[in-house]
Amino acid sequence: MNGFSTEEDSREGPPAAPAAAAPGYGQSCCLIEDGERCVRPAGNASFSKRVQKSISQKKLKLDIDKSVRHLYICDFHKNFIQSVRNKRKRKTSDDGGDSPEHDTDIPEVDLFQLQVNTLRRYKRHYKLQTRPGFNKAQLAETVSRHFRNIPVNEKETLAYFIYMVKSNKSRLDQKSEGGKQLE
């Protein structure tokens, strides 16, 4: 699911004959941007309640034209909405937020792809407080929330972490081996 519903989810009322054959055929985008109706041809993406909610949360100047009988939007607005939804707004620090660490174009790090043991190691290293018995999704969410809020260069930190794991120089690995050194 990408947040854009199918034509069955978003169709309201009886469809017109040409629109039923091909979504958006001969129709223009149903959105109004900055008070002006979009004239681009409508694609097969529709303006669902979920998309409308994300637009209102981001305070975008997009609205649906109430005079149209369809909910199809153009590819430009579809890509625009997806890109805005995928961008993560980072909190700026007291220094004005103009440092490279506070760039809003930094992609989201998907920590759910890490193994559970790695997430537990991260939690143990930073002494994060969690309830016992967290599943992987809850653990990844907790670690992700902490990871977003620590003031570090994320790329450098991950590179160093991977280097330490690959070179077997992790203190946690040495402790688990009962005191013998790893080569």
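Placement of Cβ uses the backbone N, Cα and C atoms for every residue, glycine included.
Residues annotated as compositional bias 'Acidic residues' in Swiss-Prot: 1-10.
The Cβ of LYS49 (SUMO2 cross-link) lies under 8 Å from the Cβ of no residue that sits 6+ residues away along the same chain. Residues or ranges marked as SUMO2 cross-link in Swiss-Prot (evidence: similarity to another entry): LYS49 (among others).
Cβ neighbours within 10 Å of LYS155 (SUMO2 cross-link), excluding its own Cβ and spanning all shown chains: 10. DSSP classifies LYS155 (SUMO2 cross-link) as helix under the three-state reduction. Summarising the annotation, Swiss-Prot assigns SUMO2 cross-link to LYS155 (among others).
Annotated SUMO2 cross-link per Swiss-Prot: LYS166 (among others), in sequence order, evidence recorded as similarity to another entry. The Cβ of LYS166 (SUMO2 cross-link) lies under 8 Å from the Cβ of no residue that sits 6+ residues away along the same chain.
What Swiss-Prot lists as SUMO2 cross-link is LYS175 (among others).
According to Swiss-Prot, the disulfide bond annotation covers CYS29-CYS30 (among others). With a cut-off of 8 Å between CB atoms and residues at least 6 apart in sequence, the same chain places ARG37, CYS38, VAL39, ARG40, PRO41, ALA42, TYR72, ILE73, CYS74, PHE76, HIS77 near CYS29 (disulfide bond), listed in sequence order. DSSP classifies CYS29 (disulfide bond) as coil under the three-state reduction.
Here Swiss-Prot flags CYS38-CYS74 (among others) as disulfide bond, drawing on experimental evidence. Using a 10 Å Cβ-Cβ cutoff, CYS74 (disulfide bond) registers 21 neighbours.
Sequence annotations record features per position, and here Swiss-Prot assigns N-acetylmethionine to MET1.
Per Swiss-Prot, the feature region 'Disordered' maps to 1-23 (among others).
Taken from Swiss-Prot, the feature region 'Disordered' applies to 85-105 (among others).
Swiss-Prot lists 86-91 with the feature motif 'Nuclear localization signal (NLS)'. On the 0 to 100 pLDDT scale, the model's mean across the motif 'Nuclear localization signal (NLS)' (86-91) is 51.
According to Swiss-Prot, the feature zinc finger maps to 29-77, an assignment based on a curator's inference.
Ranking the disulfide-bonded residues CYS30, CYS38 by C-beta neighbours within 10 Å puts CYS30 at the top. Between the CA atoms of CYS30 (disulfide bond) and LYS155 (SUMO2 cross-link) there is a gap of 41 Å. The secondary structure of LYS49 (SUMO2 cross-link), as reduced to three states from DSSP, is helical.
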